[in-house]
Amino acid sequence: MSGHGTPIPMTSHPCGPLAGVAEVPGDKSISHRSLILGALAVGETVITGLLEGEDVLDTAKAMRAFGAEVTREDDGTWHVHGVGVGGFAEPDQVIDCGNSGTGVRLIMGAMATSPITATFTGDASLNGRPMARVTDPLALFGTQSVGRNGGRLPMTIVGAADPVPVRYAVPVPSAQVKSAVLLAGLNAPGETVVIEKEATRDHTERMLAGFGAQVSVEDSDEGRVITLTGQPELRPQTIAVPRDPSSAAFPVCAALIVPGSDVLVPGIGLNPTRAGLYATLREMGADLTYENEREEGGEPVADLRARYSPDMQGIEVPPERAASMIDEYPVLSVVAANANGKTMMRGVKELRVKESDRIDAMAQGLRANGVSVEEGDDWWSVDGMGIGGVPGGGTCESFLDHRIAMSFMVLGMGAKAPVKVDDGGPIATSFPIFEPLMGGLGARVLRANR
Ligand code: S3P
C-alpha cells in the first residue's frame, strides 16, 4: 500500500535479554485532545509530554489552520492559544490528517457546529476508512458533508450555522465517534447527550470537565449516558500528558517473550478504559507488576515491570474487555503465539476498520512466520507454539499501520529466525523513538533487509 513516503523495510532479529528502563512517549489519545481542547479554550494551554508523532503533529497543524496559535519550545513544552468555543476560523487549505483517524474524526466534530467549511484528506489508509460513523451523528446537529463513495475522505464538512443539540446512541463502540459528537455539542445550545452501550476510553469526558465544561456521566440500562451543556467558556489548562499504555505494550510484550528480560516502563497511564491488555496478560500468567501506583493530572498512572514469562497460557479474552484494549490485539497475538494453547479473541469486529484490517494483517504475517491463525468476521484465534517456538523467517506487510509494523518487530525478537516487515515507516505516527528505545533495551531492529 502506498501513501506514506518511501517504504522503510525493517528486520527484527532474535535477541538476548531485554533490560532497562523504557520511557515511552506521551499518550496519543490525550495528546490529540490536549491540542483540540486547548484550541477551543480562551487563553493559553501549556502541554508537557505531548506525543510528537506524525499523527499529533498533523493535529497541531490543523489547529493552526483553524486559527489557534500553536508553538513548541525547545524543551518540548507546547503552548496553544485557543480561540474559544465557536471561534474557529475557516481554513484556507485542505486539512491533511495523514494517517490519523482520531485526528480527523475529532477535528470534524470540533468544527461541525461553526459556520465554516473545511475539506479533509489523509494518506491511503485514512482515505479508505469509514467516516459516515461520524458524519451521520453530525448531520443531526445540522452539519452537511460530501465525501467519496461510502463516506470516505477526501471530504468537505459544512458546519451548522444554527446547530441544535443532539441525543445520540453510538451504534459501534468508538471513542472517536463519541468524542466527535461531544466536541460538536460544545457549540450547540442546550444539552447534547451521548449514550454508549460499552464504555470506551473516556479521556474526552475527563478533559472536558478539566477545561471547565459541565459534563455528567451516568450509568443506566441503556449504557453510559454522557450529558454536556453546550456553549461553555473553556478555561485553558496546564496538561502533563501521561505515557501511552498502547505504546508501552510493545516493550512490555517483548520483555515477556525474550528469555531473561526485565524491563521497567515508568509513568504509564492506566485509565481503566485503556488497561485491558495488562489484565489479559496477567490472566495468561505474565510476570507483570504495577509499581508506584499514583494519580497524575486526573489519570491513574503506574510504573510497569515486565519480566520474561516462559509459562504463559492461551486464554479466551473476554469480549466485554475489547474496547479497553482495542489497539493492543495485534501485539497480544504475538504474545499468544508464544504461549501454550489457543488464545481466542471475540467481539473484535472494529479491528477490521482501523489503520488496516488488523485481523487480516496479523493473520497474514503470523502465518508467514509459521504461526497458525483462524479468523471469522468478528473473532480470531492464535495457536500458541510455546515460548521461543515461533519459527519466524517470514516477511510481513504493515499495510500503513504502525501497530502492525511494531507487533511484527516484537515477534522477531522472540522467534527462531528474523522477522521482516515491508515498511516500518508508519511507526513514526505514534512511536517515533521505537527503534532507539527498543535498541537501548537490547533489541536488534535494523533498517533495510539486513
Ligand atoms: C481512539 C479511539 C479508538 C482507538 C484509536 C484512538 C481515540 O478508535 O482505536 O487508536 O483516541 O479516541 P475508535 O474510536 O475507532 O474505536
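Keep in mind that glycine also has a Cβ here, set from the backbone N, Cα and C atoms.
Computed from a predicted structure; not experimentally measured.
Among the candidates G5, G101, G103, G425, the residue that TrEMBL annotates alongside K28, R129, Q176, R358, R403 as binding phosphoenolpyruvate is G101. Less than 6 Å separates the Cβ from ligand 1 in the case of Q176, D327, drawn from the binding-site residues R33, Q176, D327 in sequence order. Following the DSSP three-state reduction, the secondary structure of R129 (phosphoenolpyruvate binding site) is coil. G101 (phosphoenolpyruvate binding site) and S29 (3-phosphoshikimate binding site) are 11 Å apart (CA-CA, integer value). Sequence-distant neighbours of G101 (phosphoenolpyruvate binding site) (same chain, 6+ apart, CB under 8 A from its CB) are L126, R129, Q176, K354, E355. Note on the domain 'Enolpyruvate transferase' (16-436): its mean pLDDT in the predicted model is 98.
Of all the binding-site residues listed here (R33, K354, R358, R403), the one with the fewest other CB atoms within 10 A of its own CB is K354. Local packing around the Cβ, expressed as the count of other Cβ atoms within 10 angstroms, is greatest for S29 among the binding-site residues S29, S174. Checking the binding-site residues (K28, R33, D327) against R358 (phosphoenolpyruvate binding site) with a 10 Å Cα-Cα cut-off leaves D327.
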